[in-house]
Amino acid sequence: MKIMIITTPRELGGGETYVNNLIKGLPCHKFLVLTSLQEFNNKLKIEGIQSRLLIMSVKFLSRFHIVLFLILTPFNIIQYLWYLLVFNPDIVHIQSREEQILVTPIARILGKKVIWTLHGLVEKSNRVIDWMFLMSSLKVNRVIAISIFVEKSLKSYGMKSPISVIYHGVDLKRFKPAVFNNSQIIIGFIGRLVNIKRPEIFLDASIEMLQRLPQAQVWIVGDGNLKTKMENKVSTLAIKDRIKFLGFRQDTERIIRQFTILLITSQTEGLAISALESIASGVPVVSVPVGALPEVVSKETGLLVDSDNPKIIAEQILSLIKDKNLLLKLKKTCRKVAEKKFSLDRMITETDLVYKV
């Protein structure tokens, strides 16, 4: 089966991990990835995955971008029509909202099966875009929502298309628990250092915690426009040597298994892959209860803190760290939940079933 995957992210993230895992897990199919992100295109080529770089891709960031999208639509129709005719896929699997609007009608006219994956919250914004999105959704064969939270947002939006909830999966062979270390305490963050992830709340909670736990460290994995501001803040602190900025890393499986706790302070999450990787590594997650995080973080995998107050978050972390028996119990139950609910094999099998039905 020939499958064309279209994804137009602004930067590398969970959606690109999803695409990569899907392709590697289904070698029985022939894939072509169309992406607007040069970095992702290069990464795919290095890994031997067939990909092409899109031009003139526009994201709905403002009214100006919406107008630009409409102006460029004739050119983009030609671009996508070319790839559809040359590659001639059986299935077009679209990850990005703009391309879901634009490509779906073209692909359906050509008799192609169209599948969407929605990775995050869908909310009404611009009336024209909302109408176009809903009209395109009427032509899609199946929508994959990566969580119940995303599924509910689609239904609230007014979508009538058939929806399947398929959780992201994590490679359980790559992410596995390390031996529990009582003497080492590391609070970790993995993600983009951008406003929606609210890393500054993470940092403030971590500083509060470090001041009361002298043996602890904080590791921050990721890059983004807030990194310099955060580094400058840390440079003025007496505890600066205990806070490490590790940047973007490819070896997260080696780093995350050293964490004692993963802390997530995001504004919203479709489904945080870092949380899945954490529980697969036997690392409990402390998180605010936003988006789909309550579907991952439970009494078996960590702790939900219903507050944005860094001091309250720090208190909850400290209480969990002090309870060594609970930490050890969570380490075991985290892994069991990951094996049962969030394995990569399950995600691939369920997605392949959507392809074949």
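From the backbone N, Cα and C atoms, a Cβ is placed for every residue, glycine too.
TrEMBL has this to say about the protein:
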- 13-174: domain 'Glycosyltransferase subfamily 4-like N-terminal' (DOMAIN)
- 60-82: transmembrane segment (TRANSMEM)
- 176-336: domain 'Glycosyl transferase family 1' (DOMAIN)
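Beyond the ends of the transmembrane segment (60-82), by six or more residues, the same chain brings 34, 54, 97-99, 102-103, 106, 125-126, 128-129 to within a C-beta distance below 8 angstroms of the stretch. Note on the domain 'Glycosyl transferase family 1' (176-336): mean pLDDT across this stretch is 92.
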